[in-house]
Amino acid sequence: MQAKKSGRIQPTGGRDSMKLAYWMYAGPAHIGTLRIASSFKNVHAIMHAPLGDDYFNVMRSMLERERDFTPVTASVVDRNVLARGSQEKVVDNITRKDREESPDLIVLTPTCTSSILQEDLQNFVDRAQLDARGDVLLADVNHYRVNELQAGDRTLQQIVQFYLEKARKKGDLPTEKTAKPSVNIIGISTLGFHNQHDCTELKRLMSDLGIEVNEVIPEGASVHNLKNLPQAWFNLVPYRELGLMTAQYLEQEFGMPCVDITPMGVVETARCIRKIQQLLNAQGAGVDYEEYIDHQTRHVSQAAWFSRSIDCQNLTGKKAVVFGDNTHAAAMTKILAREMGIHVVLAGTYCKYDADWFKAQVSEYCDEVLISDDNGAIGDAIARLEPAAIFGTQMERHIGKRLNIPCGVIAAPIHIQNFPIGYRPFLGYEGTNQVADLVYNSFTLGMEDHLLEIFGGHDTKEVITKGMSADSDLNWTKEAQATLNQVPGFVRGKVKRNTEKFARERGLSEISLEVFYAAKEAVGA
Amino acid sequence: MQAKKSGRIQPTGGRDSMKLAYWMYAGPAHIGTLRIASSFKNVHAIMHAPLGDDYFNVMRSMLERERDFTPVTASVVDRNVLARGSQEKVVDNITRKDREESPDLIVLTPTCTSSILQEDLQNFVDRAQLDARGDVLLADVNHYRVNELQAGDRTLQQIVQFYLEKARKKGDLPTEKTAKPSVNIIGISTLGFHNQHDCTELKRLMSDLGIEVNEVIPEGASVHNLKNLPQAWFNLVPYRELGLMTAQYLEQEFGMPCVDITPMGVVETARCIRKIQQLLNAQGAGVDYEEYIDHQTRHVSQAAWFSRSIDCQNLTGKKAVVFGDNTHAAAMTKILAREMGIHVVLAGTYCKYDADWFKAQVSEYCDEVLISDDNGAIGDAIARLEPAAIFGTQMERHIGKRLNIPCGVIAAPIHIQNFPIGYRPFLGYEGTNQVADLVYNSFTLGMEDHLLEIFGGHDTKEVITKGMSADSDLNWTKEAQATLNQVPGFVRGKVKRNTEKFARERGLSEISLEVFYAAKEAVGA
Amino acid sequence: MTVAQEPTGLNFDCETGNYHTFCPISCVAWLYQKIEDSFFLVIGTKTCGYFLQNAMGVMIFAEPRYAMAELEEGDISAQLNDYEELKRLCLQIKRDRNPSVIVWIGTCTTEIIKMDLEGLAPKLEAEIGIPIVTARANGLDYAFTQGEDTVLAAMAHRCPSKVTSEAEKEERNAIQKLLTFGRKAEETAPTSEPKHPPLVLFGSLPDPVVTNLTLELKKQGVEVSGWLPAKRYTELPVIEEGYYVAGVNPFLSRTATTLMRRRKCKLIGAPFPIGPDGTRAWIEKICSVFGIEPQGLAEREAKIWESLEDYLQLIRGKSVFFMGDNLLEISLARFLIRCGMTVPEIGIPYMDKRYQAAELALLEKTCQEMGVSTPNIVEKPDNYNQLQRIKAIQPDLVITGMAHANPLEARGINTKWSVEFTFAQIHGFSNARDILELVTRPLRRNNSLKDLGWEKLVQEEATV
Amino acid sequence: MTVAQEPTGLNFDCETGNYHTFCPISCVAWLYQKIEDSFFLVIGTKTCGYFLQNAMGVMIFAEPRYAMAELEEGDISAQLNDYEELKRLCLQIKRDRNPSVIVWIGTCTTEIIKMDLEGLAPKLEAEIGIPIVTARANGLDYAFTQGEDTVLAAMAHRCPSKVTSEAEKEERNAIQKLLTFGRKAEETAPTSEPKHPPLVLFGSLPDPVVTNLTLELKKQGVEVSGWLPAKRYTELPVIEEGYYVAGVNPFLSRTATTLMRRRKCKLIGAPFPIGPDGTRAWIEKICSVFGIEPQGLAEREAKIWESLEDYLQLIRGKSVFFMGDNLLEISLARFLIRCGMTVPEIGIPYMDKRYQAAELALLEKTCQEMGVSTPNIVEKPDNYNQLQRIKAIQPDLVITGMAHANPLEARGINTKWSVEFTFAQIHGFSNARDILELVTRPLRRNNSLKDLGWEKLVQEEATV
């Protein structure tokens, strides 16, 4: 089937309307597919797309400081290709790459743009497979219905299923479990948020627990080894966004149990380990990890002690906003609220497609839940709530910069700062330490800035009264305004608002000193 | 001998005059002594001092988030004690503590204040020793001649010598070397800059090299084990400020060789390992660490690759100022200049007592060397040089905040941020990773602030011209000023200065656009 | 004078032990901020300087309006001329900062070497043309907050006794100006003479608290003529013989004595305006001296108590142990007992039973009314002995200096830093919430940890 | 027209391979900064938006003056009315930002679904009262920097052809104003009519570079009447039939054609003012068209070369390979050959031999004069094949897109990002240093690493 040159795809019932977007929390679908394909060893992706759509290669090379060429080639769609149809070019490029680099697998994906052409790409793949020595696969995602995260989840499942079915057909599928308890770690991928260090930490954790790591997928995995997946005793899916579909497939087909508790924070790490213990013992392992958990909690991880220390006491009741992907936003909300006594006024996620899970996880730990991928909505919420700190993405970090609120970055979209060279896992026991530092530094460096602001003006004889926008329907007397100006900058906005609310409720149009103090007594403004 | 109640101590030839001090890079001598004493296990210090001088306990408890009570007790000197003489109180307090907690050793130290009394404290100690079951020792330091670092070095040596001589007298001194190559790591102490993580990293390094750790002192060491020190094949002194006197004593008395190359940075870590190899092979070990060094450099540490990567290329030739203690300032200067191609315009140390070593280490890697403990001088130099980044102490970080220059903290004076919960060594191969992150983030976060500054003003239709103080003897025409204002903020000061210099050299009193561009061409302003 | 008699129902003890407080030179950390045109020069050793830099958490403020005159060996050994050395530094300060006053803070070292600061200051002041105030805030004689006492006592000497020009009177009366600013002309035009003798309050409080307390008194018809210290040295209040004075802090006995003996003022001895009970008692006492019948104070206090109920529920019936640090202990204990807590022990570095007489009497009365036993008041406690007592008593909360907080927490004992009460705004009706916010924070935090089953997390770590 | 003939001595090749450049919508990243009262609306998919956010490194600027109109499934499937949808977004932009112009950037998607932006814009412009300019900066037809070409070509239509009021003339002539501002009245009072027909320059350059090039021409007696684009949309230059125009960037062939064909301007075909050689040639060509004898240009160029000597020593005799990215390749190669380098291959996404004719001729001449062989010019190169050639040739430097830099460095090949030349200030005499600063940086850096013996550090890592 040739490209429909006349444009518009068939109506599919979509009702979303054009959106004004300044910022995206998750990338387009093909990014997810490419992350999976290029995480595997010796897998190549062919991107059927116009010039300029192949910036995935730039992201991988620059953000991960990757030493190797990214195994993704754009089969360029230009005006000529559009006119002639792209089948020949795509098939040529697949077979050419098959010859040039002998990949085990070539994955073909369009982008949002080329998917509009509604070409029969499966047919392209079938044609190319005739000549290619390696496998050829069309990534099966709808580029307008799913985002990067969902597409990645789906592509990983698709590749796993492909190789397991292939092995089954060949009668090449090992059926026995490994002798010792073993695990597949599913969902570690290139351009994932701190994935590399998390993976190291998870491997250490498994080693501590006496569990062999059977396979880690997709990062660094060979598709030839996928057939060995069912030999593991269980699957561990640390991130909710990537790997669950694969784990579900493995559970359905091979009855493999799955642990999908993210081991982030002291409490959740313990819960994850206990779940593993339960699954292993159900298979006759007879392990007891309680002593290990206790030892790690009290002596190895410093996070529990940090929670009890005076530094953390001073954070008690401070307000924080959390925003990110499901995995990190939910885990962070629990850590802040449950382990550190910090008041989470809002927890939010941009994973709209999985909102119910998020709400169920965080509702008891926060005042408000926000499910949105509109950065303006999050910015407005932060400005309204004026938290003492934010834990969010790079976007929230910049919102915080504008509002002068410190922000610790806890989730993708990824940024080069999320590929530190030094060891910075978020998961496992060392992860609890790193998170404790992040929390502490976010609050205290914010406090330091405020202190500098307060004391900075006292250097000279001339005392400069710090200005504040008199943007209000209420009239502040000079003395009340002067007193308000003495309130430290980081709570001044809140005091002002509460005082005005108090005045409005009482029908006062002027805020005198007396009103100011009365408000403080009444509402703790 | 009773206290000389009438004040002033005897002239000792000191000629220093009263100093106006806003900031101190190193603490007073007794802090050094207390750091050593409280690093050991089951050693108690008695501080003979007025109320308020015992803030060491606060520092240790707060900065290190120490769970245990700091084993330091102030024997309070007040008006009554002054009047009656302090011997009885000091002796009572020593013997009381000996009873209460049975420490192996009690170290007595005065502070700057009480040392003026010129009491015969050795006599107090001798008296106390009559009743005490544990050992009692007077820290032998001159509180007006040496600072925290020198006092710590001396106290460690004094304690080591005390126990080695004691063991020798008792005929209790093991003389044989350990069967396998072994090392004493000397100089890890409480309130040391990232010492705990450095120690972990050094132990891992020694383990990788097949070297047993014989003793680590003073942190966590028992004085009973000091007699085993000579069994090690060599001593490793990672920090120049603490441990060298001990190592020299051990070399003189027991012929133990010492490695005093700080393993910080890829090159110096390799040099340190090669020196160890040489010492071991001289004792017949027959080790070859070249392959290990190569593997670590190329595959484990990411720092060498970072140096070659595009991120680091963009730092080439950028200007940096380095300031800190000898160990960290020298190592950092070498890393920046030699491993990263960064232009170190000034390297400085506050370790005035050891200035020659510093000059010899860094001279070839920087334009200028500054030996000073006057924070004003360093601040002025930074303001003059306008580097793109600073690597210094907390003081320089604050200088940088004022001047809007990012600063990575690389040296004491310690601050709670230098006691991270997450793993952050400066030494060894993981240290190279952490340092690379520090360098990269310092430069790029600085750049980010500048970019925000540049683009921040473009949000609305109204373009606000960023002000700049017209503080100059030269007259800038409006158009030249406007063009200058278009220069990015972070180099504007430099461009302005160079242009004015150019104009002055040519006797021009007005800077027109033509002069502005002529200056750019002539001096690259 | 109006100071009350010493109470008798309380048990006082003096351990004269080894205890920890911050050095009295700490006071520069808040006084330099309070007096905006001042410069504080601490004349001492590296030990003093390093303390200010580290323990006070002020290391982040490069070049604040205070510095160390660091005594070197040459100074100690008297080889150098103190006058010339201090002149050099003060001229540098004049050049760099040009303050309205330089406050010399003497230390233990200047005491021991008997440096004659009081003798040098007038001569140098005349020579360089900047007032120099000297205060002996040394650790041989004083503890922590008493440093403020030494400075205010010294400044009490500098308050003018008569103001000549109207302009100066205007400047000196800055508080009155602030409070009337913006009012209609007719309201203020005939500067109504207060109906009572002038009243000056002493004690360094943050400006909003100064305004607040001044307003509270104004509501009762009491005009405050001035505060010692004022926001600026040039605005120190006029003090004439016969003026009434009242303190707002329990650690200002020396200032009180100076005002009484040297400036011939009449001291109003009252409980301190900390907590709604103390604030009410303080206002009532001042009113009573001036023969004013206070209006609506009981209702006012009741309303505040009502607004505190959410916090009170957290602490009622719980015990709090004061290790002793900042001399605010009696006032805080009295308020917390009124809140429903019990107090087994109040450690305190120094106990002036005369200056604190009214506060001690209120404490005793409060214990009776609340039906709890009176606390044991231990002057100059021995911290080691206290830790043994804490281990035995297992109080619900220990208010302690910074050195002991983390180790106590590690042993499952809730703590709160005493120093926070020094820096927080705790005076007056409105700030009662802030005290309870601090007091309840460890309880709230550790409650939430307890729900998790983490209580034993560090408790078994070690024994006291 | 004055465009030179196509040169013949160069070898051109077209691989039509799979190559990487940035998407042409990138141009919004610099154009929204250049035109300060503009708003750019990119009408495309998530793929476009994520590109702008990530690859252009602009993710840190929340809410800059550009945004995505993100096409959702409903838009693609034509269920929704494009006009209504765009109107909704543009009204929102008007409300939030109130720009002087909204530039619609069409993308591959709008091409494929044949969204009629050119048809919708005039209607919407009339309805909402803000000019709407449409540009088809899509990747089907254009590469990277050509995005600017599409925008400028569209804006060329919007330049007024006649100015009525004096006030508007004043505004339109902002550059002239800038240059004469501050001069004495008599110097400027009789607005001296230029001695040549009006000249308008086109190409987006940072303001300091605009001023610099304007000044260079002024020195020779050539007045620049305006720049396309100007700092503000409201200051777009007047263009009348017969005006002369000259481009400053090699990727503006469509703008040049539009100015010639639609606005009846005369194009001055010159090498581009990049490097001292190019800048001199550019000025000379403009002067020659106006019959002006340029003064002191040879000395000027010589002096610049002299000042570059420290850099030249680093690159003389070294080879540089252009993989091809931003269409600046010919100009940069010509300058670097003049610097003493050799260039085996110039990859370039698109080669307009007519518009670049003078530049190509200068390249050829430069090669002859420097005695080096002419580069192989490869249009639409195949990156995989290029990597094989690089492996064979082992050039001293590869100027490449961001995707290939780190892997090449890891294999011991020095690289420089081509994109940096797009963003740096490289035009005119003064900026020649900046080009060499960029070009030599990897050489200087890797020299210093080489001294360390670290060369083989990653070279053996893998083979190309």
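Just so it is clear, glycine is given a Cβ too, placed from its N, Cα and C backbone atoms.
Bear in mind that TrEMBL entries carry predicted annotations, made automatically and left uncurated.
The [4Fe-4S] cluster site recorded in TrEMBL comprises C:Cys23, C:Cys48 together with one of C:Cys14, C:Cys90, C:Cys108, namely C:Cys108. Sparsest Cβ environment among the binding-site residues C:Cys23, C:Cys48, C:Cys108 (other Cβ atoms counted within 10 Å): C:Cys23. DSSP classifies C:Cys108 ([4Fe-4S] cluster binding site) as helix under the three-state reduction. According to DSSP, C:Cys23 ([4Fe-4S] cluster binding site) sits in a coil region rather than a helix or strand. Under DSSP, C:Cys48 ([4Fe-4S] cluster binding site) is assigned to a helix (H, G or I) in the three-state scheme. Restricting the average to the domain 'Nitrogenase/oxidoreductase component 1' (C:23-441) gives a pLDDT of 90.
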